[in-house]
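All remarks here apply to the structure that follows.
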Amino acid sequence: MSAFACSAVAAPARGAIKANSSSVCAIENGKAVAVGTSKQVGAFKPVFAAAKAAKATTFSISCSAASDEVPDMGKRKLMNLLLLGAIAGPTIGAGGPFVSFLVPPKSGGGAGAGQAAKDAAGNDIKVEKWLETXKPGDRSLAQGLKGDATYLIVKEDGTLEKYGLNAVCTHLGCVVPWNQSEGKFMCPCHGSQYDRTGKVVRGPAPLSLALAHVNVLEDGVVAFEPWTETDFRTNTAPWWK
């Protein structure tokens with residue numbers, strides 16, 4: 001069985017906020033259970049509590065495999081919970097808008113009217129505040145179209161990229177973390193990889209990550225809008241239409 005060590009870091013941070021998955025081996029009825037038992041463990045509670053205390057609005061996630069094996073289905077579900085649960089943490093108790101993040105979307109795309117990007121507390125993201133903590137090269141998750149976890153990208157000049165990337169892997173729907181050291185999005189479930197623009201560079205994922213337009217409204221709110229034109233990475237029609 002593959003082991004993963006995952007950490008969630010909140011900003012503004014009061015020290016690192018971490019959760020180690022080594023004590024968890026499976027998901028039982030949607031909840032983490034301890035190795036060899038059916039007793040539920042509170043592996044995520046310290047992350048949620050610390051994030052709430054820090055009044056964090058952005059999170060970065062890092063994961064590293066303890067072996068090169070492909071994680072089993074329990075690990076896959078656990079990874080999704082860790083990646084998105086860290087974002088949902090401040091609002092789980094109140095049943096806030098990020099609770100839906102705990103269930104991977106059935107579709108990787110997004111269609112319909114543009115909508116405000118939401119932060120970890122479920123509030124509209126204001127570009128000025130976001131850029132105070134998200135530095136050049138940053139790729140952090142926000143709630144996007146259809147509630148999908150979507151990366152906002154900060155360019156090297158410190159401004160927001162004009163597109164966002166749907167974080168759902170096009171293989172089997174895992175949430176794909178950004179690997180800063182490798183400069184790629186690397187899926188922990190079956191090894192698919194995507195470059196900085198979300199273009200697939202290694203299977204088994206068959207397609208690139210879905211795109212969404214990113215606009216800044218007059219009041220400074222960041223908004224996502226559906227991407228319906230040609231995919232600039234492949235020069236083809238968008239598969240997520």
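Backbone N, Cα and C atoms are what each Cβ position is placed from, and that goes for glycine too.
Ranges compared are 41-61, 83-103, 209-229, and Swiss-Prot records transmembrane segment for 83-103. Shown in sequence order, THR170, LEU172, CYS174, VAL176, CYS189, GLY191, SER192, PRO204, ALA205 are the same-chain residues outside CYS169, HIS171, CYS187, HIS190 whose Cβ sits within 8 Å of the Cβ centre of the [2Fe-2S] cluster site. A Cα-Cα distance of 9 Å separates CYS189 (disulfide bond) from CYS169 ([2Fe-2S] cluster binding site).
Each residue contributes its Cα atom, and for CYS187 ([2Fe-2S] cluster binding site) and CYS174 (disulfide bond) those atoms are 7 Å apart.
Taking each Cβ in turn and tallying the other Cβ atoms within 10 Å, the top scorer among the binding-site residues HIS171, HIS190 is HIS171.
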